[in-house]
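Visitor: The structure that follows is given in the form of structure tokens.
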């Protein structure tokens, strides 16, 4: 409320400028300066010569007998008039006088000078304020106020309107009887509100409209530095004042919308929405706040956005993060994010991966804990604890990871390095751990594990930054698992795995042997690899563990620790063990048990995806054929693999000297390569790099047949729908060019889709039956056989990796489709003949060109008649490898990483 000015003044008042921070009432405002290196100075200006209604005030808590004071009529509309007109705007003002208590009274104008709107006059003109009683109109300003007041009175504006003005008095509600019920009743719909007070950067007092609830709102998901009360003063934490000003300057007394998300004691958690943005994200991005785990879970606008904003501030070391050091700050980018192949699952939160360099690395899944023994679970003292089978849900967790990951390429993003820790009385020592987020096909493996209830999420101190980059998703997944009663959170009986370990138990092995021999091929999972030919297997159907020795081979012995003596391993024993590990460890295999040794170990054959492990070890020159193989059905394959390894003189055969053979081999038996190239026209190339050609010599016959057939069909058009296609039928089909071609029905689907093959061109299509018709007998394959013949390239291996294969196919399509070439059949294959193709003009080899470009690999063949051309192909491959073209851009991957890159060894 204003007071009268003094009788006179000696000098004209000085015009000052500022930004309106807050409107206290219809006749008082707070003006601030411009910020320079921190929150700016501010001062309260009371409007001279006028009076507006007082706003409601809550009774002080220290005075229990005091009562709340309500709004005076037209007090709130006057405040709202000024709030909407002035908040955040630049004004100029003159201080006319100052009371002994320090209150300043003056005139306020909207804009940079006194020519702007006079705020006091505007209030009076709207009937929202009156001249103070007892003031005479003895100067122009007061005369103007008197005139405006009389006009408002005549127009019955505001306080001069009829009635008491009780409708302008708010029914303020300072407390909520049931905050939780209040929040839930709004169903997270935005509520209109005015921010009345900013306590700190992340806590405000808001007036909810239209029911005038005055509530404290804490911003969900974040916390700003606060003001701590010490003695009779408030001491700000670092950047507390700056954070408060940041929020004040954007929200104080602004119209906003608030999404009420949850409730904490009497305080409400929510998100404040302003047309200019989300203050929660802005505070984080500017380094004024940090994410808090306990409330980020209720944030409804995407917790990942908050984490991203916080990460932005951390990376730039803004404000509260000025001394921040990232958990992976000492790692190179290539060590932070990389692609690797999973070789082994250690338990429910750790895997071993193979890097592109060939090194193996243990990776722990960030922020999760595997299943563990809880409480005093009864344990047989005579039996050693087997965590995989004895800890509830450990086996299910390991199996989930094994089936999902083993042998697959995954994306690894390192979150933090957990330093090594020494042992204590209750906790064992741990070596340094690399903790990372591992994903495959866009799926976070840790999140999937937690969502199935097969792991739990670690809890951290608020200032502990060593956690998963997707920590909020992990918490949400755990909440879902708890709600749905999954796995560890289930109320059901814990699954029990009674697995018998008969390794080394001769008596049990003898009893079990006939059963396994009769079973033929049994399914198994390789649990451990002791050496190249000695493994531990889990048989799921029989729920037992056995030690398994590979039959038919003699593998180099590994190093052994005998009491008082260390036996060194034979040459290439470690390589053999590594080869077996990479091929079969934790993979699903099939085993044929033939016999057992005196120690209770089973002997037999192990197959993985059609590969006999014994034969594979011999092929890689990591094992020799044992004489016991002679009576096995795999003897021929083993001996052939051994002969090839001897010829290469690799590894165990590196010092092999071939015994001279005295018999003279007849030269006549040597087969020469025949080069009989004939002209062909390439019509189609398939996705697996097979191709169809037409013989150029019979091209004229095909053209004549097609011309006559189309004339026949034109003269006697087929009746639409009269042809009922069946698999294997010959027919005619209307292609996209509107012409009819000879075709064969390959498949008929329900719903009227027919898969057909154009027998003269090699391409395939799916058509409705309405575009098919019966083939006239005069043009059947008996008259002229199908002209499209399928071939594939000789001497090359097509990449199994989809992208690499697509590159090779695209290159061939560009070069030879719908062109004339020269073709020579080199040898027959299981599906179609293998040929070499030459360009008709340059006579250069198409397959050799693919090798030179690094798009395919050479298929080594042993036939002597092909050695000259194979040598040429291999030289081209070496050149492509040296130039790191296409397949070879990462070097020669074939030795260790063939499976990883999708190529057969």
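Numbers run from 1 along the shown chain.
Here the Cβ of each residue, glycine as well, is placed from N, Cα and C on the backbone.
Okay, so TrEMBL annotates it like this:
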type   : residues : note
DOMAIN : 14-162   : domain 'TNase-like'
DOMAIN : 189-323  : domain 'TNase-like'
DOMAIN : 336-491  : domain 'TNase-like'
DOMAIN : 520-655  : domain 'TNase-like'
DOMAIN : 724-782  : domain 'Tudor'
Visitor: To what whole number does the mean pLDDT across the domain 'TNase-like' (189-323) round?
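Guide: Average per-residue pLDDT within the domain 'TNase-like' (189-323): 92.
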Visitor: Going by DSSP, how much of the domain 'TNase-like' (14-162) is helix, how much is strand and how much is coil, in residues?
Guide: 38 helix, 46 strand, 65 coil
Visitor: Within the domain 'TNase-like' (189-323), count helix residues (DSSP H, G, I), strand residues (E, B) and coil residues, in that order.
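Guide: Counting residues per DSSP class in the domain 'TNase-like' (189-323), I get 40 helix, 55 strand, 40 coil.
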Visitor: Write out how many residues of the domain 'Tudor' (724-782) are helix, how many strand and how many coil, based on DSSP.
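Guide: Counts, helix then strand then coil: 6 helix, 27 strand, 26 coil.
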